[in-house]
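Novice: Take a look at what TrEMBL says about it:
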type	residues	note
DOMAIN	13-338	domain 'RNA 3'-terminal phosphate cyclase'
BINDING	Q104, Y294, L295, Q296, D297, Q298	ATP binding site
DOMAIN	184-285	domain 'RNA 3'-terminal phosphate cyclase insert'
ACT_SITE	H320	active site, tele-AMP-histidine intermediate
Amino acid sequence: MAGQRVEVDGGIMEGGGQILRVSTALSCLLGLPVRVQKIRAGRSTPGLRPQHLSGLEMIRDLCDGQLEGAEIGSTEIRFTPEKIKGGIHTADTKTAGSVCLLMQVSMPCVLFAAFPSELRLKGGTNAEMAPQIDYTEMVFKPIVEKFGFRFNCDIKMRGYYPKGGGEVIVRMSPVKQLNPINLTDRGSVTKIYGRAFVAGVLPFKVAKEMASAAVRCIRKEIRDLYVNIQPVQEPKDQAFGSGNGIIIIAETSTGCLLAGSSLGKRGVNADKVGIEAAEMLLANLRHGGAVDEYLQDQLIIFMALANGVSRIKTGPVTLHTQTAIHFAEQLAKAQFTVKKSENEDDASKDTYIIECQGIGMTNPHL
């Protein structure tokens with residue numbers, strides 16, 4: 001199976017953990033041995049961190065592959081995949097490393113396994129620098145399922161920075177192929193809703209303050225919609241450690257979902273957290289895209305694998321998205337084009353169409 005090793009430069013573009021996730025997932029799917037060099041070369045702590053290591057080990061276990069050079073601080077790994085198996089797989093970041101990022105790397109792979117999978121992911125569920133699990137459930141899941149598969153996401157325990165301790169169980173069955181998607185018609189906003197949470201030692205009033213500050217901020221710009229943000233106290237037996245945060249979702253007439261979210265940090269007042277999430281949502285609504293800035297890069301690998309032409313309309317194309325496209329083209333040989341939207345409604349906005357001719361990956365086991 002092992003042919004020529006593909007060289008991946010981990011120091012270009014986004015230059016972080018994302019290159020590792022995209023390249024090892026594609027390596028696993030396509031049976032391409034890879035060598036990734038200059039891993040996180042420009043970061044303040046270069047090389048592999050615990051959360052990257054747990055993601056790599058999970059991919060290795062998913063396909064009985066061989067992994068060399070995988071230790072904390074390493075800037076080069078070699079990965080030789082074998083065939084993808086289903087079954088139960090566990091990954092534990094041992095830190096507040098994000099379970100959502102573990103899900104991002106493993107999900108495309110297990111779609112092409114021989115039989116159903118159960119992924120037991122441990123770490124942070126609501127962590128900085130990563131999607132919150134609520135985003136994964138409320139935005140990513142319904143949209144990514146348009147590619148023609150379903151998954152179940154069971155949040156056993158929520159975990160926050162710095163301790164982690166969260167656990168999520170993801171169950172999914174393999175597919176023969178992925179359908180292409182078309183998300184180019186945003187429609188009009190019909191609903192805005194969300195949840196503002198506190199966990200552990202933080203008082204419930206913090207959740208209420210985040211929610212009301214967010215509602216006030218949104219009302220300044222969108223007056224004709226009821227904004228329903230529920231303040232939530234996470235049950236003691238379902239949250240490890242303390243944390244607070246908020247996610248706000250706008251749903252449109254065509255079924256698009258766009259979000260803004262924010263996490264509390266020590267010394268940051270609750271109003272500010274609520275306002276930050278509200279402003280992020282409003283910014284995502286202003287650009288006229290059908291997906292928000294966090295979903296765009298998460299869809300690229302699925303578009304690359306799908307059988308046919310996918311199109312998504314986005315706001316400004318993020319560096320994460322450009323990076324995902326680069327490696328999907330290099331490794332999977334999918335063809336992408338990114339063009340300014342020609343729709344007259346978008347003329348004044350920074351709106352783009354990302355189009356991809358997918359490779360029509362077929363599950364060899366089904």
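For all residues, glycine too, the Cβ spot is worked out from N, Cα and C.
Situate these features within the shown structure.
Specialist: There are 25 other CB atoms within 10 A of the CB of L295 (ATP binding site), with all protein chains counted.
Helix, strand and coil counts from DSSP across the domain 'RNA 3'-terminal phosphate cyclase insert' (184-285) read 37 helix, 37 strand, 28 coil.
Neighbour list (H320 (active site, tele-AMP-histidine intermediate), Cβ cut-off 8 Å, at least 6 residues apart, same chain): E14, Q18, Q296, D297.
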Novice: ATP site residues Q104, Y294, L295, Q296, D297, Q298: biggest Cα-Cα distance, Å?
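Specialist: Roughly 13 Å, rounded to the nearest whole number.
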Novice: Just name the winner among Q104, Q296, Q298 (the binding-site residues) by count of other CB atoms within 10 A of its CB.
Specialist: Q296
Novice: Would you count the other CB atoms within 10 A of the CB of Y294 (ATP binding site), including those on all shown protein chains?
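Specialist: Taking all protein chains shown, Y294 (ATP binding site) has 22 Cβ neighbours within 10 Å.
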